[in-house]
Amino acid sequence: MMKKRIYIWITVSLFIAGAVSLLASQHPDGYEKAGKELGFIDRATSYLHSPLPDYAIPGMHSWLSSSLSGIIGVVITFGLFLLLGKMAGKRN
Amino acid sequence: MHIPDGILSPTILAAGAVVSVVVLAKSVQESKKNLEQTAVPIMGVMAAFIFAAQMVNFPLLGAAASGHLIGGALAVYLFGFWPTTLIMTTVVTIQAVVFQDGGISVLGINILNMAILAPLAASIVYKLLRKSKIPVTLMVFIAGWVSVVATAAFAALQLGASNVVSYRLALQTLILWHSIIGIGEGLITGAVVPFARRSSFFLTRREERS
């Protein structure tokens, strides 16, 4: 029973990350917006080259790029938490 | 709310990292004592859901700006403060490492803001309102709004302490934008909580829910 509910929530999450996210607003978020108004966002840089920068697959120029990034992110997040929870949780 | 590299001072970054490490060590200690293995997949799926929901920036009507869910108030309502710090830390770390969303040098501060302070603000609201008779949906809306605005205030203090801008300007501007974004946080939290409850996605031990 609980297993089925978990499958449903995973499916919903995959759908949000893979499809609904394509409708996301491209405007800067609150922190960036404030940074533009106050002039500090120009100092922003990146010390790390991530495999999927800005939720996109490098070199892939279609909606599929961000859709797949979202799906990958949901899978990694679920997987990593299972691992972390197993290590940090109570021992049975 | 994901702060990029290059903005805050090294001192503030280091301080944020230290505080986060100390709090997370306590989180792990707590979960060694209290976190049942059966709850892990449920929390994992909520981590995945929060990751997904954070991707959906909603427009702020009439302004060339957007906001997105943090999810701290949602997770705290379901699982309590300590488990939430682990959920949110997982999300924020993956965003920084895999997606370059939030700077790697700022990871400590971003964890402090979104994985510790936002949930802490929400859990204080729950503690204050738990005994009142207000409907659950309204309570989680308030917790969502307060968590976003409180986190924005802390982010402003970090800017001020880094000598980037004056405390006053940082507080004014960040709180203004996030008092609007917080409405979105409250609405989404209020919309999701009933579904999560119907799925029995919460920890049953009462003391863990506050």
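Just so you know, glycine gets a Cβ as well, placed from its N, Cα and C.
So that you can see what the record holds, here are the features copied from TrEMBL:
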- B:7-28: transmembrane segment (TRANSMEM)
- B:40-62: transmembrane segment (TRANSMEM)
- B:74-98: transmembrane segment (TRANSMEM)
- B:104-129: transmembrane segment (TRANSMEM)
- B:136-155: transmembrane segment (TRANSMEM)
- B:175-196: transmembrane segment (TRANSMEM)
Spatial neighbours of the transmembrane segment (B:40-62) far in sequence, C-beta under 8 Å, 6+ residues away: 68-71, 74-75, 78-79, 83, 86-88, 90-91, 94-95, 177, 180-181, 184, 188, 192, 196, 201
Best-contacting stretch, by C-beta pairs under 8 Å, relative to the transmembrane segment (B:136-155) and drawn from B:7-28, B:104-129, B:175-196: B:175-196
